[in-house]
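Colleague: The structure follows.
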């Protein structure tokens, strides 16, 4: 037998190589997320936010029926829909945006979703689109914009099943304006009509017909609902229209264009871009400001359809995308030291999920046309945009300085004391007796973990220093919202279908 002799390595070099090995193992382990599990849980979250009569297949079993008299003040049925966050109010403005983003998630990524997740996504979408149909059922003369007195609700800490606060239904009657709410409902119903087109064409047509009616109301009576003296003290400061109503008009028209192919909507978004103030470069997208998403949505007509009369939208979309690329020239968005997209204000993760969604959608548009993003002299391939999105996703799921998953029920460490009434109070099963308005305060002040786990909820997240205290009273950080989760459904669908992407 021939023996082979190898040179002896110095001890210091062996130690160095061993440390490199440990670091590489730790890094590879930390980045192996179960995106499929996170996707399923992100959809399940919506069952915990349901209002109305719950179905027999309700999986979030600690919830029960609630808000069953909603709409009675106007002798109409306004049951159903979602509570926006940790309270028991149905704010139609953010709920419509939630609906739009759920539908857009299905439109862009539904084909790569596992069939159970696609089915559950459509169930979640229908739950809100059904409610929005009720909200516009009295058009052309009236639109409902909210259910529940928010001041009274926020002064109580009680389960939705026990609500004894006024369930006021807030309506806007013509010729008073509600362009931002009606415009977002237009987008929601239009997008939902596309999502349901193949599986339920009759329902799809109903959604589209009502989207047209909502847009006619939005455009005919232009103005902000939060400027209406009859309701402004009840919609503000909660979901005021801080950004102006014009972006919702363009957003609604763009979705109608996508749903119908009608040239009149194409002309509308082309001719009103500058008059409506959408020509300025915007680096955000959310329930109030739609311009970032509008530019990406419309840019598909240029990239894939050669509609060069809309080139200005594409140019703004590219400017937005380039601001997210640290290596590109020009101005950039802010990131925390740990790598999270940062915007001044609370609920940071709403920006991370919506902007990650846009990164993936724009990358998809570019890939289909074999194009790259042009940032000055820098050509950015679509996969680089996907990597930027993945960093945000992995941060949310636990790769952050806190080592904490910001999705409830995902991973070993996640927030246990979220700002959420139903989650923090004993369930009907465990405490059948009613818990009154102020009787829930003891649970709000408790340092114990919430008894009911709101699986899949993504909380507001850390501050600009990447720090997060698991504190129920700090609603800016610990409160989940439907509009944080809705775009995250599409984002997680992509990475669940591409688990090895790096």
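Note: Cβ is positioned from N, Cα and C throughout, glycine not excepted.
For 419, 470, 479, the entry in TrEMBL reads active site. Annotated domain 'Glycoside hydrolase family 9' per TrEMBL: 35-492, in sequence order. Taken from TrEMBL, the feature signal peptide applies to 1-28.
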Colleague: Looking only at C-alpha atoms, tell me how far residue 479 (active site) is from residue 419 (active site), rounded to the nearest Å.
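Modeller: Taking the Cα atoms only, residue 479 (active site) lies 5 Å from residue 419 (active site).
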Colleague: Go through 470, 479, our active-site residues, and report the one whose Cβ sees the most other Cβ atoms within 10 Å.
Modeller: 479
Colleague: In whole Å, how far does the CA atom of residue 470 (active site) lie from that of residue 419 (active site)?
Modeller: 10
Colleague: Starting from the Cβ of residue 419 (active site), draw a 10 Å sphere and report how many other Cβ atoms land inside it.
Modeller: 24
